[in-house]
């Protein structure tokens, strides 16, 4: 009994000083990064108006000052995030990115006029609740006294297998799926960004630990492993930014942010558990609570994602009924224009008769008339079209 109560006390000791430092830095990072999404999106829109859009492969945004302001804001946030990983485990730092979702979704609603539905607000609240749950049960930072220790962790078979799988999946997405589905499926761009992002976080944490130890008097810059981690960070960040820009320029910000957060956080936590063995320092209760918190975050981001569909449905509902029917049916006539040509009906001269005939056919199919009566009506309608053509030619 005493052992049981002791384990519960050990599970909820409270946050260490390093964890608190990491928490403050991570929260500051989320504020800057959340705002940077909006500033960068404004810059991308402005650049796209005068050049080739980033989503179409253009890089005109590199000449746009507003985009660079967003980049500077993001860099400040990333520096704070970088420092946070040096003090606290990834399981604590990464989920706090939910705060950047709230900020970006709210600012998108206010500044970019990207409407946020009521359920989107509920999704934001769920993201916060889930993140707080994870933070309160996060493990303490592992004591590491040399970058060589991190290198040994990174070169263990389990993490090497994970890294190979991530790189392979990212290459597959870039080569096979980006050209075909990049402009229509948000998961493609964000998938590449999140997969590579999980590796960049592990490298950032390794580099952050090396710099922290160096500033404390134990020089880690003499080890080649430090520079290998630095190179990996640079390559991963360039890839991340490229595909994140494409996602932001192509899709709604209020959708990109939460989906990116979910995938990036999931893969980062998985990578951290494999490489740094975070769950080895926790009991079952803490692990289950963390997973519950993550499920809450997933629920929140799902609501935010569905919010976009609700907004689209509402905007379509504002159309007049006549225009709405034409918008729904005209594409079908365009695809089936050969049918009109076979009847010798010109889409220019007899567009109204053709559309009317098609609409009445659809209404006849839906009505409960007997089959013989329905067929007779269709024959009468088809016979009326040549008569109208003759009358028009005579006039």
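Count begins at 1; order follows the chain as displayed.
Using the three backbone atoms N, Cα and C, a Cβ is placed for every residue, glycine included.
Since the structure is predicted, the reported quantities are computational estimates derived from the model, not experimental observations.
Per TrEMBL, region 'Disordered' is recorded for 358-395. The transmembrane segment annotation in TrEMBL covers 20-39, 59-80, 86-112, 119-139, 159-181, 188-210, 222-243, 255-275, 287-304.
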Paired segments the transmembrane segment (159-181) and the transmembrane segment (20-39) in contact, 3+ CB pairs under 8 A
no
When only pairs 6 or more apart in sequence are counted, do the transmembrane segment (86-112) and the transmembrane segment (188-210) reach 3 or more Cβ pairs under 8 Å?
yes
Non-local residues, at least 6 beyond the ends, that sit with Cβ under 8 Å of the transmembrane segment (20-39)
66-67, 69-71, 73-74, 76-81, 83-89, 92-93, 96-104, 107-108, 111-112, 135, 141, 248, 253, 256-257
Tertiary contacts of the transmembrane segment (119-139), as residues 6+ beyond its ends and Cβ separation under 8 Å
19, 23, 88-89, 91-92, 95-96, 98-99, 101-102, 105-106, 254, 258, 261, 278-279, 281-282, 286, 289-290, 292-304, 306-307, 310
By Cβ distance under 8 Å, which residues at least 6 away from the ends of the transmembrane segment (59-80) in the same chain are close to it?
25-26, 28-33, 35-44, 46-48, 50-53, 100, 245, 249
